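Copied over from TrEMBL:
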{"type": "DOMAIN", "residues": "64-363", "note": "domain 'D-isomer specific 2-hydroxyacid dehydrogenase catalytic'"}
{"type": "BINDING", "residues": "I123, N147", "note": "substrate binding site"}
{"type": "BINDING", "residues": "S148, 202-203, D222, 257-261, T283, D309, 333-336, S381", "note": "NAD(+) binding site"}
{"type": "DOMAIN", "residues": "156-335", "note": "domain 'D-isomer specific 2-hydroxyacid dehydrogenase NAD-binding'"}
{"type": "SITE", "residues": "R285", "note": "site 'Important for catalytic activity'"}
{"type": "SITE", "residues": "H333", "note": "site 'Important for catalytic activity'"}
Amino acid sequence: MAKVLCVLYDDPTDGYPTTYARDDLPAINRYPGGQSTPTPEALDFTPGHLLGSVSGELGLRGFLEKAGHTLVVTSDKEGAGSVFDRELPDADVVISQPFWPAYLTPERIAAAPNLKLAVTAGIGSDHVDLDAAVAHGVTVAEVTYSNSVSVAEHVVMMTLSLVRNYLPSHQVVLDGGWNIADCVARSYDLEGMHVGTVAAGRIGLAVLRRLAPFDVRLHYTDRHRLPEAVERELGLTFHESAADMVPHCDVVTVNAPLHPETEGLFGDELLGRMKRGAYLINTARAKIADRDAVDRALRSGRLAGYAGDVWYPQPAPADHPWRTMPHHGMTPHISGSSLSAQARYAAGTREILESWLAGRPIRDEYLIVDGGALAGTGAHSYSVTR
Ligand code: NDP
């Protein structure tokens, strides 16, 4: 029987919801490109309910306990005395979401001799030290595609929000004011601007597709080029590197995983190559950008705005400079955890557990590390140092 240790974010401050703003979710059975949405044998939750917080338990308790397994759910994940550290030594499976990551460092992996499976309920497994997972034979899986479109929608929202100066203008209303000049002195149209994405995978391509109708000029850089037909359809300009692309762009969006190739990419040098007054949207991972270089670029005017939902560490400390730097549109890490996304990644987590507990192969597209090496999606999108 397996012990499953699940780390989730805290319930809402006013308690776990008993009612919801809407009664249902649209039915989505396939992602763009044809991959099916998760196909677990059954579900013990109502899609559209809050699953990602502690009381939601990703809808897993009934299924696991009926089969005789143990489920421990906690939000307490930092420090030697944390519930996570206390429960880890005999855990077989760890589940966490990138929004509230249980950092599986080499030390923690070494302290968990039973650990065989680390599941990311969502996408992005950089909170797991992949080198250590490879070395210790830990399988790492994530629910590929489950929230890619959710993030793409957030990127579009943040792009428009920065370019049009939405948040400061909303603040004027909240403050009881009406000074239009204060609102519009930094407000532009997106139409005609050059927008580039660093990486055109599931999220990056979804962003390009969603922005194309705004009559913008689209650019991308990626390790692999998109099919020619897609480039033609969307009028894409390909660049060999981010350094080649950013001088041409008014808006840059980052949609690459965090791995050795992308860590620290947006430092002083790359930011210095951007057009004065460009906007940078990073919903990928905070460490792809240099924290203080972003702050400096906003203060100097190199960047006209920065937005995203990813921070390091998470939760971000109260004095994190990205909370107070000028012209930012940051949110906590929420873009991939809409109720719509939660329904998909909770179902995908259950599908991964059903396969693993029954000794069946996990869907190849969900695998990041398996059998002591990068595997499946991981072999395509990530790199390790060993
Ligand atoms: P995909 O794997 O579909 O796409 C990632 C793309 O990044 C691939 O096309 C890959 O290239 C490309 N890439 C990798 N390294 C580089 C590099 N050095 N330079 C340029 N491109 C590179 O993943 P998704 O689009 O679904 O997700 C992307 C990332 O977004 C995730 O890894 C995660 O970190 C983040 N994310 C954030 C969420 C949030 O809530 N904020 C939620 C979900 C994801 P190729 O495959 O061609 O080699």
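Any Cβ shown, glycine's included, is placed from N, Cα and C.
Across the domain 'D-isomer specific 2-hydroxyacid dehydrogenase catalytic' (64-363), the model assigns an average pLDDT of 97. For N147 (substrate binding site), other Cβ atoms within 10 Å of its Cβ number 30. The number of other Cβ atoms within 10 Å of the Cβ belonging to P257 (NAD(+) binding site), over all protein chains shown, comes to 21.
If you take the C-beta of I334 (NAD(+) binding site) and look for same-chain residues 6 or more apart in sequence within under 8 angstroms, you find F99, H154, D309. P257 (NAD(+) binding site) sits 15 Å from H333 (site 'Important for catalytic activity'), taking the Cα positions as reference. I203, E261 are the binding-site residues among I203, E261, I334 whose C-beta comes within less than 6 Å of an atom of ligand 1, given in sequence order. Other Cβ atoms within 10 Å of the Cβ of I203 (NAD(+) binding site) number 28 in total over all chains.
Looking only at other Cβ atoms within 10 Å, the busiest spot among the binding-site residues E261, D309 turns out to be D309.
A straight line from the CA of I123 (substrate binding site) to the CA of H259 (NAD(+) binding site) spans 14 Å. The shortest Cα-Cα distance from H259 (NAD(+) binding site) to any of the recorded positions (N147, R285, H333) is found for R285. Separation of the C-alpha atoms of R285 (site 'Important for catalytic activity') and H333 (site 'Important for catalytic activity'): 10 Å, rounded to the nearest whole number. Its own atom aside, the Cβ of R285 (site 'Important for catalytic activity') has 23 Cβ atoms within 10 angstroms in the protein chains shown. Cβ-based neighbour count (10 Å, all protein chains) for S148 (NAD(+) binding site) stands at 23. Taking the Cα atom of each, N147 (substrate binding site) and G336 (NAD(+) binding site) are about 5 angstrom apart.
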